[in-house]
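Asks: Could you have a look at this structure, given as structure tokens, before my questions?
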């Protein structure tokens, strides 16, 4: 059944992308490129965006099929909720951007509040489905106060899901970069899931891998379509959710190492400039630094993929031990 689901996910995306591209062009849903970004990217202006819709539709359809034939639908329902929730936030953001014809979509506050809401609802659903197990609470020394660990864990879930959702979004700045790294991440978690005996999560990860492979064909340099926030916010949220459902959160630091590095480069760049007036990198996120250092786009993407694969294998080892 897994092989059938993989083929279905791949074919749906593969078929949908060439259908969506002319539709997006006709509706003038093209990407606006930041003027302060690398000048080599200006030629990408107008490239159709919101392509993440294709693999999200593929994932939703294929996961529903998996639910129909599954004895345990709860993991699929949780993952489907996160997929739709974060994907919807990205879709609204993309829609506002293409309508306004600039790179200002939802405000940061609006986006964060929506992401937090999805993360909190995920926690509640996980508790209802009895899929999250935690101790009674944490006692604060020298007091009679005890903080329920569920409160601590919900804060962690919010941080993890929202953080990685935005991390993948920051990484999605070069053709095929975020797509390829996400394929690697889901492949690692698919292997981990089956090794840990969590077949439902493993099957979902396989669906993710093949849905994204169908998209990568059109997203690799020179990209014919971008996934947009519709795709990137969803991917980050899903990857974090998978790590949580496998109780392998720490592994994500390695499996998602490039995403973490990209995010840290932005944080360090902003902090350094505010504190010292100097920049650490030529431009952030990190992939732009290497571009401005003379690397062509394909070299940056290839090296980052290789790094992602190596650290992903380390994360896999950590997750199963």
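Glycine is treated like the rest: Cβ placed from N, Cα and C.
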Asks: For which of the residue intervals 28-48, 49-69 does Swiss-Prot record transmembrane segment?
Replies: 49-69
Asks: Any chance the transmembrane segment (49-69) and the transmembrane segment (250-270) are in contact, meaning at least three CB pairs closer than 8 A with a sequence separation of 6+?
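Replies: Per Cβ check, the transmembrane segment (49-69) does not touch the transmembrane segment (250-270).
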Asks: Counting a contact as 3 or more Cβ pairs under 8 Å, with residues at least 6 apart in sequence, do the transmembrane segment (112-132) and the transmembrane segment (300-320) touch?
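Replies: With fewer than 3 qualifying Cβ pairs, these stretches do not touch.
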Asks: What residues elsewhere in the chain lie close to the transmembrane segment (300-320), defined as a C-beta under 8 angstroms and at least 6 residues from its ends?
Replies: 174-177, 180-181, 184-185, 187-189, 191-192, 195-196, 221, 246, 248, 250-258, 287, 290-291
Asks: Out of 1-21, 77-97, 176-196, which stretch has the largest tally of CB pairs under 8 angstroms to the transmembrane segment (250-270)?
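Replies: When the Cβ pairs under 8 Å are tallied, 176-196 comes out ahead.
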Asks: Residues sitting near the transmembrane segment (1-21): Cβ under 8 Å, six or more positions beyond its termini, same chain?
Replies: 48, 51, 53-55, 57-59, 61-62, 65-66, 69, 203, 206-215, 217-218, 224-225
